[in-house]
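Notes follow once the structure below has been shown.
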Amino acid sequence: MKQDSRFPNLFITDHPLIQHKLTHMRDKDTSTRTFRELLREITLLMGYEITRNLPITTKRVETPLVEVDAPVIAGKKLAIVPVLRAGIGMSDGLLDLVPSARVGHIGVYRADDHRPVEYLVRLPDLEDRIFILCDPMVATGYSAVHAVDVLKRRNVPAANIMFVALVAAPEGVQVFQDAHPDVKLFVASLDSHLNEHAYIVPGLGDAGDRLFGTKN
């Protein structure tokens, strides 16, 4: 895990396996099926990193040999909230890691001015819960900011929110940091820039279209 001095709340997971799989996702000739599988695999691998600091307590269990106080995650419950639609492709990878997590959904689409338009919010109970928001791309940053806004408006503490993405543009990370400097943003790659159409360069194209095999 490394950081960029420009963005104090940004954490980049530079594990070789993650970078290898991300390269294959970037390839324009990668099939929809393979793209989908790689997205799930990368998200699972990133999940190990982003859950590294979950609070731990002990539980008394009986092994076949003895009783022992063994570590378990303390108190707080997990919720996975994909930002629709591309975020759906990441939720399965996180559920592979934490199958007991609750799942919510935040639906937004990008208007002509690139601002997010909300069309759906479905969340589990909020009390004493850690939320992992997921979306493959942080391009302009507006959708990511909006997703965090949804939780903060419902009084979810910033310390209980994490946002995980595959690739991000510096412009979007700056927007996210300006709006939510108290929320950690985890990515696999900080790419070069946004082009005139607000696509991340080099990026991996439209993650939703590549995930579902549709055309914009």
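Every residue gets a Cβ built from N, Cα and C, even glycine.
Sequence-distant neighbours of Gly141 (5-phospho-alpha-D-ribose 1-diphosphate binding site) (same chain, six or more apart, CB under 8 Å from its CB) are Ala168, Ala169, Glu171, Gly172, Val173, Gln174, Val175, Phe176, Ala179, listed in sequence order. The 5-phospho-alpha-D-ribose 1-diphosphate binding site annotation in Swiss-Prot covers Arg85, Arg110, Asp135, Pro136, Met137, Val138, Ala139, Thr140, Gly141, Tyr142, Ser143, Asp206, and the record cites sequence analysis as its basis.
Per Swiss-Prot, the feature uracil binding site maps to Ile200, Gly205, Asp206, Ala207. Other Cβ atoms within 10 Å of the Cβ of Ala207 (uracil binding site), summed over all protein chains shown, number 25.
DSSP classifies Ile200 (uracil binding site) as strand under the three-state reduction. Among the binding-site residues Arg85, Asp135, Met137, Ser143, the ones whose Cα is located within 10 Å of the Cα of Asp206 (uracil binding site) are Met137.
When secondary structure is read from DSSP and collapsed to three states, Asp206 (uracil binding site) falls in the coil class. Comparing Asp135 (5-phospho-alpha-D-ribose 1-diphosphate binding site) with Gly205 (uracil binding site), their Cα atoms are 14 Å apart once rounded.
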